[in-house]
Structures are given as C-alpha cells and as structure tokens.
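Asker: Please read through the structure below; I'll follow up with questions.
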Amino acid sequence: MDQKQIEEIVRSVMASMGQTAPAPSEAKCATTNCAAPVTSESCALDLGSAEAKAWIGVENPHRADVLTELRRSTVARVCTGRAGPRPRTQALLRFLADHSRSKDTVLKEVPEEWVKAQGLLEVRSEISDKNLYLTRPDMGRRLCAEAVEALKAQCVANPDVQVVISDGLSTDAITVNYEEILPPLMAGLKQAGLKVGTPFFVRYGRVKIEDQIGEILGAKVVILLVGERPGLGQSESLSCYAVYSPRMATTVEADRTCISNIHQGGTPPVEAAAVIVDLAKRMLEQKASGINMTR
C-alpha cells in the first residue's frame, strides 16, 4: 500500500465520519519540523530536547550544508562526530539518556486512574507484576480466570470487530496516542455499519492474548492496540495487530496483519485509525487476515 492509497483511505473514512482529513503537510514526519542544527556542546542542554537531537558534532566539516541537510532529514544518530576512536561527550550522554528513557517506559505501569478516566473496563493476563511479565511471556498470552468472567459478563457478545488496548512493552505508547486513535477508530467502525464490541484494557498482555479474547467473545475480527518495544529515544510507538476469527489452538503469527510505528513521528494515530477501519472491512469481506488476505 503506497502513500497515495493511504491518503485516499484517510479521506474516505474521515469524510464518512463528517470530518476533514488532515492535509499531507500536517502528517509529515517530525523530522521535518525539528529544531535548527546546533554545533556547540553545552552542559546545560536538555538531552531529550529537539535542540539536542539536532546537534551536529562533526568539527570543521568540509561541507557544513550537507551535514545540516542530512541532520534534518532523519532522527537517526548521524553527524555526531568522534573524539579519536570514541564518541564525543554529548553524543554519548544523549545515547545514555535515550537508553534510560526506553528502559523507563518498559518498567512503568499504566496508572489505574488513567484507565478509569478513559471509562475502560480493565482486565489482566495471568501475570501479576511487571517483573513476571518480562520473564514469562507465555503467561501474558492468557487471561486470568477473573478476566474471562468479566468479559463474558460485561462485553458485547459476537461483535463484528472487537477492539482491545494493552500496555505491552510501552506504557507511553498507550497513554500518549489513546485520544488520537481510539475515538476515530470506534467512530469509523460504527460509521461503516459494523457491530463493534466493548473496548477494554488488558494489563500485562502479549499479542497472542487476542486469540483467547476473540474465542471468548465470538468476535469475527479482533484488533489489538499494543505498545511496541521502545527504541532509543522513541518510547511512544504503538502497533496494531488484527486477526480474523482467531482461535487459541490454530491461529499462528502469519494469520495476523500488523500496522506498526504508530506515533506522531511515524504513522500519525488519526491516519492509522482510518487505515485500520479499511483493513477491518476488507477482512470481513474476504473472511481472512495475514498472509491469507488478497492484496
């Protein structure tokens, strides 16, 4: 699917919802709006700021304009310079700061108050704490007994599409992108005339947990929005895993369709919501997902 197709899907879905699709310029990668490149080192510089990310560490460059253009074109760690065989101090400090940020978002918990404020039902997997979640991924693929009963009692049965939110490996991905992806996603699915299940939050969930959820609720399509494993300095990336008629015993990873890198510096959440709506409609039409879908 190329960019023109994505933009057409966004326009179509947003139009059916009575909203105006954002102009392509509004959905540009964050790198195009980064701060002006900085060449001097400073102990007072915030290592997580746009100014620090735009820093150029190459001393006395032959073509400074080329470095400036390269620096503005990507968020990758380029133009950092060297001090002999070693990285420069500021480049090393920023690397360590980004690494710390990524570790923090893996270890943080989604606050219970935040879940309640969104009006979401909260259930959990068989995991009881973050340490167990990181060391026993198999237990994160199954709901606890209380969660199974809660879903049967409080969720819509046999929906066309069931939307599930889970913390995964990034708390920030959920809390930062939630407001921009779930409301337009739910509105788009309903506008398409689909029976939509009760959205809920799964704490300590892994991707395969959507198979059990789909089986319990009898959902035709299950959409899981889950926090991605964070990269260096990028802790807000969300993934969507969609699967048709999942079953615990027979569904394999090739049966899932994944849309990744959903955040303001990647695929904007509102745009992703429109693409997911179109994906769900095609899954229901073809009665397939993953590699079984007709491209």
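Indices start at 1 and increase along the chain as displayed.
Glycine is treated like the rest: Cβ placed from N, Cα and C.
Swiss-Prot lists VAL207, GLU228, CYS258 with the feature adenosylcob(III)alamin binding site, giving sequence analysis as the kind of evidence.
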Asker: Using DSSP, would you call VAL207 (adenosylcob(III)alamin binding site) helix, strand or coil?
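Answerer: For VAL207 (adenosylcob(III)alamin binding site) - judged by DSSP and reduced to three states - the answer is coil.
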Asker: Once near-sequence residues are set aside, which residues in the chain of VAL207 (adenosylcob(III)alamin binding site), 6 or more away, have Cβ atoms under 8 Å from its Cβ?
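Answerer: Sequence-distant Cβ neighbours: ARG141, GLY168, LEU224, VAL226, TYR241, ARG256.
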Asker: Taking the centroid of the Cβ atoms of VAL207, GLU228, CYS258 (adenosylcob(III)alamin site), which other same-chain residues have Cβ within 8 Å of it?
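Answerer: Close Cβ neighbours, site residues excluded: GLY168, LEU224, VAL226, SER239, CYS240, TYR241, SER260.
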Asker: Would you give the longest CA-CA distance, in whole angstrom, between residues of VAL207, GLU228, CYS258, the set recorded as binding adenosylcob(III)alamin?
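Answerer: Comparing all Cα pairs, the maximum is 12 Å.
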Asker: Around GLU228 (adenosylcob(III)alamin binding site), how many other C-beta atoms are within 10 angstroms of its C-beta?
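Answerer: So the number of other Cβ atoms within 10 Å of GLU228 (adenosylcob(III)alamin binding site) is 20.
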Asker: Check CYS258 (adenosylcob(III)alamin binding site) against DSSP and tell me helix, strand or coil, would you?
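Answerer: CYS258 (adenosylcob(III)alamin binding site) sits in a strand per DSSP.
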